[in-house]
Structures are given as C-alpha cells and as structure tokens.
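**Student:** Reproduced below are the annotations present in Swiss-Prot:
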- His43: active site, proton acceptor (ACT_SITE)
- Glu70: active site, proton acceptor (ACT_SITE)
- His191: active site, proton donor (ACT_SITE)
- Asn7, Arg18, Gly192, Gly213, His214: 3-amino-2-oxopropyl phosphate binding site (BINDING)
- Asp9, His10, Arg45, His50, Thr100: 1-deoxy-D-xylulose 5-phosphate binding site (BINDING)
- Glu151: site 'Transition state stabilizer' (SITE)
Amino acid sequence: MPLLAVNVDHVATIRQARLAKSPDPVAAAALAELGGARAIIVHLREDRRHIGDRDVHVLRETIKTRLHLEMAATEEMLGIALKRKPDMVCLVPEKRQELTTEGGLGVAGREAELAAYVAKLAEAGIPTSLFIDPDPRQIEASKAVGAAYVELHTGAFADAATPAARQKELDRLLAAIPLAKSQGLGVNLGHGLDYDNIYAFKDTPGVSEYSIGHSIVARAVLTGMVEAVSTMCAIIDGFPD
C-alpha cells in the first residue's frame, strides 16, 4: 500500500507568525509518527520563512521514520543536505514572493546541471526526488538526470475551478504515473491534497507515497495531530500499491 508522508512546514508557519518557540514542528513530527506517518517532510527555504536550520538538525536526530528534505538546487542547500543526511531530498522550484510552491521544477533544459547535483547527493547515499508537473518531457528529463523518484505536482488538480478542469488535470496525472513507472522512477504525489480530493486516487496503482501537509495541519488545529494523521492514513491504507 502507498505510504503517507506528512509535511510539518505549516506548524512552523504558525510559530513564526509570532516569532515564538511554539508550536514546535519537531513535536508535531513526533505526534504525526504516532498517528501513522511513515515519513516527515520539511522544506528548508532559502529565506527560512518557516522551517529553520535547527528544525532540520533536531528532526534528523529524533524522528523514528524517515526525513525528507525539500529544497532548492543551490550550493548552500547541497551542503546542508550532505551534512544532515536526510533519507531523501526532493528538489523544488522556489520563488521568494510565493506563498507556497507554485509549480513543478523545470528539469527539461537543465539536464546537465541537475544531473551533476543529483550525482553529488547519490554519492552520499541520498536518493533524489524531483517535484515536477505531470508532463512527459519533465518525466523523461527526470530519468535522464538520475533521479530515483518524481513527485507529481497535484496542485492544478486540487485548485481546479470546475469539475471539467479537475477531470482534465486528473487525467494528466493518471497518464503520468504509469509513464514514470515505465521509466523506472518511483512516483509520489503531493500539493493541495486533502481529505476529500484524495479519493480521486483510490483506484490508482503505482503511487509510492502521498505527500500531504496543509490539510493535515489545518485539521490538527481542531482535532489534534495524531487524529488528523491517523484519519488520513486510514483513507490511504485502502488504496492499491
């Protein structure tokens, strides 16, 4: 069955709203694991707007499952990844003005640059995932640069304004999953997934992991992190491998 990876960035967002010490994303990660999360995700942005270096360090020392580090493909972040040794790195595009990641990484056209970057991580035993749109060109380029996984960007599906638009985006995703698998890539899905729209994938094989953050943290504010995570786990547990 596919696994649930919980992103705790938005716990840090609440903390940073008051420049306080709580709520602590490290504590939230521990509770997410108690609820059944099989991995914890944090995005260490260049501007450190939510997750900070301390969070990555303490999470690496304390979580019992797996740590996935989302980051831009910069030299600074490469140094941090090589030092902290996350279980996976997911390379994402990054703009300082954006509220959240707005689209997939443009891998096509940057193959040589990204291949060298991915190789440095691989030499340290760190597999790389690339956060991409469900586009055949990006999938083929991801394979070419040596990525182990792709995370298909589900944001356009989640944000679609009409049923027809949502179906169009879902069809793109459903076509991209087997294409990526045929290239030997592992497939994760993430961005904008919640307790309702996740059911669109209930009969979809080939997904290794669902990456979910905001909807779980939003529910956790009202019901607690353990309940919020366990409810999502119960949904995903019924999905095919």
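Glycine is treated like the rest: Cβ placed from N, Cα and C.
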**Student:** In the structure shown, which of the recorded positions Arg18, His43, Arg45, His214 has the fewest other Cβ atoms within 10 Å?
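**Tutor:** Sparsest of the recorded positions Arg18, His43, Arg45, His214 by Cβ contacts within 10 Å: Arg18.
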**Student:** Just to be sure I understand: of Asp9, His10, His43, Gly213, His214, which recorded positions have a C-alpha no more than 10 angstroms from the C-alpha of the residue listed as 'active site, proton donor'?
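**Tutor:** So the list is Gly213, His214.
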**Student:** Of the recorded positions Asn7, Arg18, Glu151, Gly192, which one sits closest to Arg45 (1-deoxy-D-xylulose 5-phosphate binding site) when you measure Cα to Cα?
**Tutor:** Asn7
**Student:** For Gly213 (3-amino-2-oxopropyl phosphate binding site), just give me the three-state DSSP call.
**Tutor:** coil
**Student:** By the DSSP assignment reduced to helix, strand and coil, which category contains Asp9 (1-deoxy-D-xylulose 5-phosphate binding site)?
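**Tutor:** Its secondary structure by DSSP: helix.
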**Student:** Using only C-alpha positions, which one of His43, Glu70, Glu151, His214 is spatially nearest His10 (1-deoxy-D-xylulose 5-phosphate binding site)? These are the recorded positions in the record.
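**Tutor:** Checking each of His43, Glu70, Glu151, His214 against His10 (1-deoxy-D-xylulose 5-phosphate binding site), the shortest Cα distance is to His214.
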**Student:** Which whole-number value in Å describes the distance between the Cα atoms of His50 (1-deoxy-D-xylulose 5-phosphate binding site) and Asn7 (3-amino-2-oxopropyl phosphate binding site)?
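**Tutor:** The Cα atom of His50 (1-deoxy-D-xylulose 5-phosphate binding site) is 12 Å away from the Cα atom of Asn7 (3-amino-2-oxopropyl phosphate binding site).
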**Student:** Test of understanding: give the count of other CB atoms lying within 10 angstroms of the CB of Glu70 (active site, proton acceptor).
**Tutor:** 26
**Student:** Within 10 Å of each Cβ, count the other Cβ atoms and name the one among the recorded positions His10, His50, His191 with the highest count.
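**Tutor:** Comparing the recorded positions His10, His50, His191, the most crowded Cβ belongs to His191.
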**Student:** Quick one: pull the CA-CA distance for Gly213 (3-amino-2-oxopropyl phosphate binding site) versus Asp9 (1-deoxy-D-xylulose 5-phosphate binding site), whole Å only.
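**Tutor:** Counting only the Cα atoms, the answer is 7 Å.
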**Student:** Let me know how many other Cβ atoms fall within 10 Å of the Cβ of Asp9 (1-deoxy-D-xylulose 5-phosphate binding site).
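**Tutor:** For Asp9 (1-deoxy-D-xylulose 5-phosphate binding site), the 10 Å Cβ neighbour count is 21.
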**Student:** Within 10 Å of the Cβ of Asn7 (3-amino-2-oxopropyl phosphate binding site), how many other Cβ atoms can be counted across all chains shown?
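**Tutor:** Asn7 (3-amino-2-oxopropyl phosphate binding site) is surrounded by 26 other Cβ atoms within 10 Å.
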